[in-house]
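This report concerns only the one structure given below.
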């Protein structure tokens, strides 16, 4: 099946998300849409999938114009989509999720889930998916959930499969598996539209790359082109992918975690006997797949978790058991993982958000009264210093783009003398240009002599920033390794192998340039 | 491709211990209360529980218990259960559900023995108490089912009270005018749908806050029916407010079973419809295409939408269907319970039905049993005030509501509402 988009334009009010986009997708090819967050890739795909109606333009299937009133029409035309945020009902089983909307029934409208199970097993065997039809989706790891999503499309005989940022939530190993699945689907004659901004994967799997910037097609690129070239096409100016940073000059160790155990409300140990220390002037990156205790670890340091055992000391003072406010006031800067939920108050102005941790202290407050003039003054300085793109300091923080919101959080946390700086997912969903800037600020804080802890699920970011890397798996520390450890070794550790075993496995595999070109190339 | 073994990142980490002392504390306090009141404060006489009506086909002998002995047995067993729950929690385990269930039964037995024993006539018809509970639970069950239908598809239904009241009103008026109780029943269903229609249009189409629409509807129905009652119905009660009652239809054989026969199988058509509704909605929700879509729309509407399910249409029809169910429940007040409409006669039952829905964990069968519990508490209050117990009537009147608060706040545990309940679905 050949799919063609002609002059697709999608406007939301005055915002033009897609501007006359032409695209031709052919069977047996992986067609990549490369673009930054907010470039309009997802909008385009939602138009193609019938979730949005295009303002202008045409969709052609095998040369015939079609119009999709809803996803049902798109599916009937043979288009399947794996959404960035999985469209699975967590409390349903895999079979129920796959049956939904396409239910096989027995007499009287009763569900015939056996038929769905059989279909799942058939596809699962064909592609080696290993998905249990009766497992509850919420109990499954994300990699398996994703396969359930792919099965959902295949059960409906999709000929064109759209994968929207599919690797964002996967471990390196799961990513490799997904790329293999994509190749196999391609060999079966399916057309695959792969949406991504991760150059490594794009280069590995694409047949054609179409670059989208600010809602427009900038042009097609060759998958063999150097990563830096693709990146500059994507961003619209030349970017340096490798972060320049001087070697760390670790000083005295001021931050220590000893035998830290955090028990979640359901009784599971989210963090299990973790011990580590960070010296002044050093960045320790905590790597791991999402949900392996990173959130609980950082929240325990800040005093946000109940049921914490063990010890956390900063400059010799115990932090466990103290109030959050005490801990913040003792000089801990904290960038939470989800800026829109925990980092900012969306309805508050940028200026107010910039003093959220000090609104009740001089010079911003005197007694019961706040001093708006000083708040505004502070906002003007921070906005200039961090290059926050906002209409004004009085604009609601929620109206800013992701990258600029993150700059606001970062500016707030870095605008006072710190004894410890913790940043969770400092650049998640942030455009490439801002990533560069935020990374430089983090390194600057390190060079200023602050112990820095970065938590990231992006291996690229970990390798860029880290002086040492701690890998968490199911709440346990798999080891702390130097910052130049190979990507493959880290991948194994993230899947639960100890540092020593991972090293040995890698040496045995004898991949001569695994560490060299791969990690230092710094693809993002 | 054969080597695709998934890594499991976040499941089944090692278990730590988080001790939850809520249940042991509640059990201990209640056990001590039982010791002081049911055992130490037991009346010296014996208590008679009548198990069957003398006119029944099979007559069972009366159950005669000594109040002090029963009180002591219950109190001691409850203390033991409380101690066991403390030990379980200290060992880092959860208090098992059966322990709480056994404890509850012991408490009820102890309480009944004490309170009946202290009455002027220490003699109660247990069958009557239970049969009354089922009868009183009927409108609650219909109300809860209405809530299940709405909330499972993602619309919060606070308007159950209004649906019941309008159903009761319509049944009375239509029944009186036509002289047929069945016409009244039909009118009740239509009235319920009318309330639902307003709820659906405002909450689904115009995205008004669902709780507010619900509350406003309750006030509206109360005001409207109250106004019509005082201006029209009271003025000419013979024409407007004297509906025929639905006949009781005993089911042959089944209604002859001792104790439970008369309780379950001597009902009016509304009572039998209640059983049918519970079964149909349960099977429908969990075993049919309609149910799968309804639950999907209530949990993750966007996922349903991406699979071609029309979310808002689904919600709309389910809310209307809920109106039918609650409306029929409302007819109970004027066609079964008493013959005639009275101002605000539902008296908050719609809210109790909402509590039963939550206590029953958004499951038709759970809601059924929860409503039975509340029905029991309500009937107990009636029976006890009749027997003349030492507990003041005002306190007895609090009983159903106390049970509601304890049930919903204390014993529900981790029940999860449908994830999208109360959240309007806006496309795109």
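Along the chain as shown, residues are numbered 1 onward.
Glycine is no exception: its Cβ is also placed from the backbone N, Cα and C atoms.
TrEMBL annotations:
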| type | residues | note |
| --- | --- | --- |
| TRANSMEM | B:25-44 | transmembrane segment |
| TRANSMEM | B:64-86 | transmembrane segment |
| TRANSMEM | B:98-118 | transmembrane segment |
| TRANSMEM | B:124-142 | transmembrane segment |
| TRANSMEM | B:154-175 | transmembrane segment |
| TRANSMEM | B:181-204 | transmembrane segment |
| TRANSMEM | B:211-235 | transmembrane segment |
| TRANSMEM | B:272-292 | transmembrane segment |
| TRANSMEM | B:319-338 | transmembrane segment |
| TRANSMEM | B:395-413 | transmembrane segment |
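Across B:25-44, B:98-118, B:181-204, B:211-235, B:319-338, stretch B:181-204 shows the highest tally of CB pairs under 8 A with the transmembrane segment (B:154-175). Sequence-distant contacts of the transmembrane segment (B:25-44) (same chain, at least 6 residues past either end, Cβ-Cβ under 8 Å): 67-68, 70-72, 74-76, 78-79, 81-82, 85-86, 95, 100, 103, 106-107, 110-111, 113-114, 117-118, 122, 410. Remote same-chain residues near the transmembrane segment (B:319-338) are listed as 135, 138-143, 145-147, 149-150, 153, 155, 157, 160, 163-172, 175, 181, 184-185, 188-197, 199-200, 203-204, 243-246, 268, 270-271, 273-274, 277, 281, 345-346, 350, 353 (criterion: CB distance under 8 Å, separation of at least six residues from the stretch ends). Sequence-distant contacts of the transmembrane segment (B:124-142), counting only residues of its own chain at least 6 positions beyond either end whose CB sits under 8 Å from a CB of the stretch, comprise 47-53, 63, 112, 116, 164, 259, 262-264, 266-267, 270-271, 274, 277-278, 325-326, 328-330, 332-333, 336-337, 346, 349, 352-353, 356, 367-368, 371-372, 374-376, 378-380, 382-383, 387. Outside the transmembrane segment (B:98-118), and at least 6 residues removed from its termini, the chain residues within Cβ reach (under 8 Å) are 23, 27, 30-31, 34, 37-38, 41-43, 45-47, 49, 65, 67, 70-71, 74-75, 77-78, 81-82, 84-85, 88, 124, 380, 384, 387, 389-391, 411.
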